[in-house]
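Annotation comment: TrEMBL describes A:56-275, A:356-547 as domain 'ABC transmembrane type-1'. Sequence annotations record features per position, and here TrEMBL assigns transmembrane segment to A:60-85, A:97-127, A:147-171, A:208-228, A:248-272, A:301-332, A:352-373, A:394-420, A:426-445, A:477-497, A:525-546.
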Amino acid sequence: MRPLRLAPALTLALMLGPVLAGLVGTLLPAIGVLPALGGSTPGLGPLKALAGWPGLAGALWLSVVPGLAATALSLGIVTLFVAGWQGGRAFAALERALAPLLAVPHAAAAFGLAFLIAPSGWIARALSPWATGWMRPPDLLIVQDPWGLAMVMGLVAKEVPFLFLMTLAALPQARPAQRLTLARALGYGRVTGWLKAVFPAVYAQVRLPVYAVLAYSMTVVDVAIILGPGTPPPLAVQVVRWMADPDLSLRFLAAAGAAAQLALVIAALGLWRLGELGLGALGRRWAEAGRRRHGEGALQAAGLALATLSALAVIGGLLGLAVWSVAGFWGFPDILPDALSTKSWLRHAPALAGPTVETIVIAAAATGMALALTVACLEAEHRFGLSPGARSLWLLYLPLLVPQVAFLPGLQTFALVAGADMGRGAVILGHLVFVLPYVFLSLAAPWRAWDARHAQVAAALGAGPARVLWTVRLPMLLAPLLTAAAVGCAVSVGQYLPTLLIGAGRVQTLTTEAVALASGGDRRIIGVTALAQTALAAAGFALALAAPRLVWRNRRALRGA
Amino acid sequence: MQEDGLALDRLEVWHGDAPLVALDAHVAPGEVLSVMGPSGSGKSTLLAAIIGTLAPAFRVRGHIRLDGREIGALPPEARRVGILFQEELLFPHLSVAGNLGFGLPPSVRGRAERAARIEAALDEIGLAGFGPRDPDTLSGGQKARVALMRMLLAEPRALLLDEPFSRLDAGRRDQMRRLVFARAAARGLPVLLVTHDREDAAAAGGRVIELG
């Protein structure tokens, strides 16, 4: 079983190798070293050039402030909602809505939100003309506003479901029912009691996901292109623009920008950590001060309203995409189009067939590899009694903490130097870096929770390790395996930057196509493309839900899983 | 020296540099040896050592011999030591017949022959016709009987029992005890029973060793 023993090392190499290589490939040109483009002596040239770029202050600001704001808001909404509603009916309802919300790719959610809040969007239409008096879309810069507010909203709408999922996973270990009962028996209100008695234990568990949200929100490119300001854009978007410039000398500037972005994320994570310590100290004083209630009703209502709003932003946005994709003539301020037609779908379907197939091939390949590696790692852990420490969790989160824009340009640069053709295969390996952590995180808990005495019984019945794996463990874990695969597919389908940068613009998926449409503003084709993108991600989850019920329709113990 | 049955020759299980549990005993074919001890006394660790599924963090000293053959270094699937747990642990993805088929050695060839053997086994435990059923739809007593028969079909040379009766209600417990001990005796299997229930040990009728 030697190959199995090597699985953890191989997995780490495939996951972290590209990240580390990419960082080197980014940092060297940032100090002027890129022999292929004539840079051979290290120097501060590129960094000086970056400092001289007039948009720098704005670009930095648009990375830090919306990033911190989106993270704090998402965490706050999730915390307030869980504090006020855990165990209740509203909680169960949002829990059910979670998988579909998570499946919606960032770009599609961002387009959907734009369709809601734009001056000619659904909200303005619903209020016009009776409340606003508008007979024409007002000349307001709501989407792509210079402060990045729309971008923050788009990020929050997608990060709330993610942090909610992570909180759900962390909750059982915090023993919330006992702690909350205890606090309430001491006279604490529901929300105050939860915040004082349960939250600290939960936060300790969701810290890494929160860091990942912060790093992501600061450096997101697709959402920023769709909802964020353009002049100047957030730093990550500007780096991508420089990378795409035909003037190759701008690669040095791009590398300097990427290096600056990396430093900025590290600094922001440090700042967040300091904030944790400070708020932690304040929180302990608050808990020890013993006040029992702080406007419980209002806090509960706020938690529910904000969580519902963020869910509606995604669901309403999808509806908007759907209606636009079948809209005939749709004048302002009509709430619905005059006529519905399949014309947009029929017209754009042929052009989208290629990217759709490409998306599926890449997602299937990356997910298949991730699933095989994850199963191999977990099985090695089981057979050889390896015990993963806290450090391995950090390693798993590393690809989610290092900004994509900080290491993907480096990979492209390496390809440039090597003269390699970065085609679909390279893009698949690039997706694998991000698909792996999610597949692993999704599968590890159910895999480890499996009652290993089944393996003991099977061995006592004469079954070797391979037979136990293939005929007992994998079939019994079919549902979690498929869920992990669906998560992996959704992550792959949603990837923008790895496809764009590693594919050097030549690998076109539904996501790159959709984001490329952002500047055009043809809502019908945007609706069609973003909806097709969402459908692919959602199809995976639907399959993962339906298949075990079908396969195990006569096996009661496995149907519900 | 040829000795039949299960010999635990100064068997010790260590974790790090501390001994967890030790046992020196010989169980003759058809004999039941009961090992009693409170929870945490290492009973399950002892059984895992004998069937060979201890986590690598544990070390085993001494010898385990089955019918005179040293099995301590063999992988679990080659030891021919059967085990029954407190839970039945029927494989939920296989039918009742599928579970029995999992235990039936591949040397029984041919689909018809295997099906006949499985049907005969079901008949033996009063569950004729239950083959296609979902194991999850069986009662606790029925599941326990299927688990026993699955183990016996694998033709083990010794049987380990890890508190296998404690989940059954009083009436069924007695019935199941008698069934297990009778089947084991009929096949001449040495049986090692670990339990914290004096009644189990008394019903087994053999020697009793106290742990920890």
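Including glycine, each Cβ sits where the backbone N, Cα and C put it.
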Find the member of A:97-127, A:147-171, A:248-272, A:352-373, A:426-445 that has more C-beta pairs under 8 Å to the transmembrane segment (A:477-497) than any other listed stretch.
A:426-445
Contact call for the transmembrane segment (A:352-373) against the transmembrane segment (A:208-228), three or more Cβ pairs under 8 Å
no
Thinking of Cβ pairs under 8 Å, which stretch from A:208-228, A:248-272, A:394-420 has the most of them with the transmembrane segment (A:147-171)?
A:208-228
Please indicate, using numbers and ranges, the residues of the same chain that are 6 or more beyond the transmembrane segment (A:394-420) and have a C-beta under 8 Å from a C-beta there.
12, 15-16, 18-29, 34-36, 208-209, 211-212, 215-216, 218-219, 221, 236, 239-240, 243, 251, 254-255, 258-259, 261-262, 265, 269, 426, 430, 433-434, 436-437, 440-441, 497-498, 501-502, 504
Intrachain residues whose Cβ lies under 8 Å of the transmembrane segment (A:426-445), provided they are six or more past its termini:
11, 14-15, 18-19, 169, 362-363, 365-367, 369-371, 373-375, 377-378, 396-397, 399-400, 404, 408, 411, 415, 420, 477, 480-481, 483-485, 487-488, 491-492, 495, 498-499, 502-503, 507
Tertiary contacts of the transmembrane segment (A:97-127) (same chain, 6+ residues out, Cβ under 8 Å):
134, 137-140, 142-143, 150, 153-154, 157-158, 161-162, 164-165, 168, 220, 222-223, 226-227, 311, 313-321, 324, 332-335, 486-487, 490, 493-494, 496, 511, 514-515, 518, 523, 526-527, 530-531, 533-534, 537-538, 540-541, 545
Between the transmembrane segment (A:60-85) and the stretches A:208-228, A:248-272, A:301-332, A:525-546, work out which stretch tops the count of Cβ pairs under 8 Å.
A:208-228
